[in-house]
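Record features, source TrEMBL:
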TRANSMEM  7-31  transmembrane segment
DOMAIN    20-144  domain 'Ig-like'
DOMAIN    151-246  domain 'Link'
DISULFID  C197-C218  disulfide bond
DOMAIN    251-343  domain 'Link'
DISULFID  C296-C317  disulfide bond
Amino acid sequence: TANSQMLLDLCAKCIVFILPTTMVVVCHIMFSSFPVRVYASISSNVTLPCLVQHSSGMMSFGSNGMRVKWTKLGADESLDEDVLTSMGFHKKSYGRFEDRVFLQDTHDEDASLVITDVSMDDMGRYRCEVINGMEDTIQEVTLGVLDNISVVFPYSPPVGRYNLNFHEAEQACLDQDAVVASFDQLYEAWRGGLDWCNAGWLSDGTVQYPITKPREPCGGANAVAGLRNYGLRDKDTSLFDVFCFASALKGHFYWLVQPERLTYDEAVQACLDDDAEIAKVGHMFAAWKLQGYDRCDAGWLADGSVRYPISTPRKNCSPTEAAVRFIGFPDKSQKLYGVYCFKAQHITMCQRQGRDG
């Protein structure tokens with residue numbers, strides 16, 4: 001019958017007894033009851049844990065009789081990546097994981113995966129499936145990659161907070177030389193001290209915000225610190241800010257010394273005259289976070305905002321915390337501010353040959 005076939009499909013790896021009037025399916029699938037999150041630094045090695053679980057009375061066939069499959073999970077099943085399969089002494093790794101992953105194998109019930117030379121591309125969710133006799137063990141592990149060469153920053157447009165749908169948020173980050181941050185990137189930024197009370201889009205379509213100092217307007221004074229999660233929102237109609245992710249600068253961010261204050265158009269031209277471009281918000285955050293850039297002068301940026309970066313808090317210059325201070329989006333005709341410029345790094349053929357040689 002259809003129901004019988006469905007059971008066979010669901011339990012294809014299990015033992016099936018067909019009696020004269022009854023079909024009995026013996027199928028034990030052990031799911032991990034808790035989520036696992038592991039962190040690693042770029043270029044390091046990391047172990048994703050997966051231990052075979054047994055229900056009462058069930059026996060293990062030992063590691064030689066154990067089948068293991070590790071998969072990196074995509075946004076949907078069609079984007080899943082095979083990582084490693086193992087059956088007894090036969091093991092195979094796949095694609096970009098080839099020769100970079102192996103099973104830890106410290107004992108018969110250990111199916112943990114070791115990933116060597118971790119990169120940012122390795123970040124995400126992994127599934128371990130173990131078939132051991134009549135039992136399946138399924139464990140999901142999330143790998144977060146600690147990145148000391150990037151920065152997450154909140155962004156809202158000139159028209160004000162909570163005015164970006166998801167697609168506009170993506171473009172807003174691109175305009176600032178960045179991309180929409182992932183959950184893991186925002187989580188790492190929160191662990192590093194990011195505290196922001198405005199909700200913003202993340203790359204998975206959820207809307208969240210990081211709180212390190214719980215307070216009444218931001219989820220309640222008695223709530224625990226963490227990421228406040230609004231869940232998945234409609235990408236076309238829901239309006240929020242966005243959290244952007246910028247990598248290390250590939251160039252030089254600097255304050256352009258000028259004899260007088262500038263309008264926005266004058267600021268753009270001044271940078272061009274210096275063989276540079278007016279800096280973007282992502283440039284300023286990257287220089288502040290990754291290079292310790294500090295200057296107590298408010299200056300124009302490419303999006304028309306005025307900001308200044310403070311790494312050493314002091315009187316009249318962000319006295320309570322290190323931060324990129326935001327003045328606002330003033331009238332572009334006002335001659336009240338200086339300008340921050342960015343000069344992109346260009347590798348000449350001689351430099352390239354020197355590096356390759």
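Our numbering is plain: 1 for the first residue shown, then up by one each step along the chain.
Quick reminder: no glycine exception, Cβ is built from N, Cα and C everywhere.
Here the features listed in TrEMBL are placed on the structure.
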| residue | record | Cβ neighbours (10 Å) |
| --- | --- | --- |
| C197 | disulfide bond | 14 |
| C218 | disulfide bond | 18 |
| C296 | disulfide bond | 13 |
| C317 | disulfide bond | 14 |
Between C197 (disulfide bond) and C296 (disulfide bond), how far is it from one CA atom to the other, in Å? 24
Between C218 (disulfide bond) and C317 (disulfide bond), how far is it from one CA atom to the other, in Å? 25
So how many of the residues in the domain 'Link' (151-246) end up helix, strand or coil by DSSP? 22 helix, 30 strand, 44 coil
